[in-house]
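Heads up: the structure comes next, in structure tokens.
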Amino acid sequence: MAMKRKKISVIGAGFTGATTAFLLAQKELGDVVLVDIPQLENPTKGKALDMLEASPVLGFDANIIGTSDYADTADSDIVVITAGIARKPGMSRDDLVTTNQKIMKQVTKEVVKYSPNCYIIVLTNPVDAMTYTVFQESGFPKNRVIGQSGVLDTARFRTFVAEELNISVKDVTGFVLGGHGDDMVPLVRYSYAGGIPLEKLIPKDRLDAIVERTRKGGGEIVNLLGNGSAYYAPAASLVEMVEAILKDQRRILPAIAYLEGEYGYEGIYLGVPTILGGNGIEKVIELELTEEEKAALAKSVESVKNVMRMLE
């Protein structure tokens, strides 16, 4: 029997979706299908063709197509959802919830119809609530519907720590718990540089400032760009998760997982440390938390629940 390449579909061909597609192809993780709405079919095809034409120069073998027809996504191994509207001036987060929830429902129906055995990774904001929507709509088991926020939040944290210490980002590990918002909980106690606890290397006031900057990391970029939000680091974070699943790496990565009692929470999607491998979320790792960390997590959960109350 011929070996088949893996197939990854990316829903939403905006900056994040297109960047994700390009990185996936470059890493030769599989053939890539980039999907957007019919009104944007030509630009989507154009982006895909442009990427494909980079393949001889960069030396990667992956087919990339752009489409608005979900039939082209049939039998995907992984589907990444980046579709949705971004917040515009004058819009409340509530507006975002209602519109993006509708989009998630439509997208999920199509995804499930053509790829009933796929794994789904959701990036669309507010991501905790949108991942929950996709989970409900898909009827998939919890290990196959995953949200991305922690890899990105942790990457930001690691970047700021490496800058502070003037060292390689490769030597910094960190963990961010909770919702993807201003109440996220970077766990400094479980963060290291070259195996040395950060608390031994960075004074408390500087660490606190790094934590605060991490929480506001997305907003910092939104303000600098003036139009739109981050896409390079979010795309890179998605690719790391896709790779962990497709290669069954069993990586310990923060991901938005469905909790059934872990950390004392039930029936909610939340950012937690997980083992990510060939079966998607294979395990939620429960860390011992201090009272202060538990309180911070509870506040983060409350923020997520407030958004979830807006779901139809």
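Every residue gets a Cβ built from N, Cα and C, even glycine.
Database features (Swiss-Prot):
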{"type": "ACT_SITE", "residues": "His180", "note": "active site, proton acceptor"}
{"type": "BINDING", "residues": "Gly12, Ala13, Gly14, Phe15, Thr16, Gly17, Asp36, Asn100, Leu123, Thr124, Asn125", "note": "NAD(+) binding site"}
{"type": "BINDING", "residues": "Arg87, Arg93, Asn125, Arg156", "note": "substrate binding site"}
{"type": "MOD_RES", "residues": "Ser149", "note": "phosphoserine"}
Distance, Thr16 (NAD(+) binding site) to the residue listed as 'active site, proton acceptor' (CA atoms, angstrom): 17
Assigned element (helix, strand, coil) containing Thr16 (NAD(+) binding site), judged by DSSP: helix
Cα distance (Å, whole number) from Ser149 (phosphoserine) to Asn125 (NAD(+) binding site): 10
Nearest of the recorded positions (Arg87, Ser149, Arg156) to Gly14 (NAD(+) binding site) - Cα to Cα: Arg87
Lowest local Cβ density among Gly12, Gly14, which the record lists as binding-site residues, within 10 Å: Gly14
Inter-residue Cα distance where the pair is Leu123 (NAD(+) binding site) and the residue listed as 'phosphoserine', in Å: 7
Cβ atoms near the residue listed as 'phosphoserine' (within 10 Å, other residues, all chains): 28
Count of other CB atoms lying within 10 Å of the CB belonging to Asp36 (NAD(+) binding site): 24
Cβ-Cβ neighbours of Leu123 (NAD(+) binding site) (radius 10 Å): 30
Binding-site residues compared (Thr16, Asn125) - the one with the fewest other Cβ atoms within 10 Å: Asn125
Rounded distance in angstrom between the Cα atoms of Gly12 (NAD(+) binding site) and Arg156 (substrate binding site): 24
C-beta crowding around His180 (active site, proton acceptor), within 10 angstroms: 27
Sparsest-packed among the binding-site residues, when each Cβ's other Cβ atoms within 10 Å are tallied, from Arg87, Arg156: Arg87
Maximal Cα-Cα distance (Å) across residues annotated as binding NAD(+), namely Gly12, Ala13, Gly14, Phe15, Thr16, Gly17, Asp36, Asn100, Leu123, Thr124, Asn125: 17
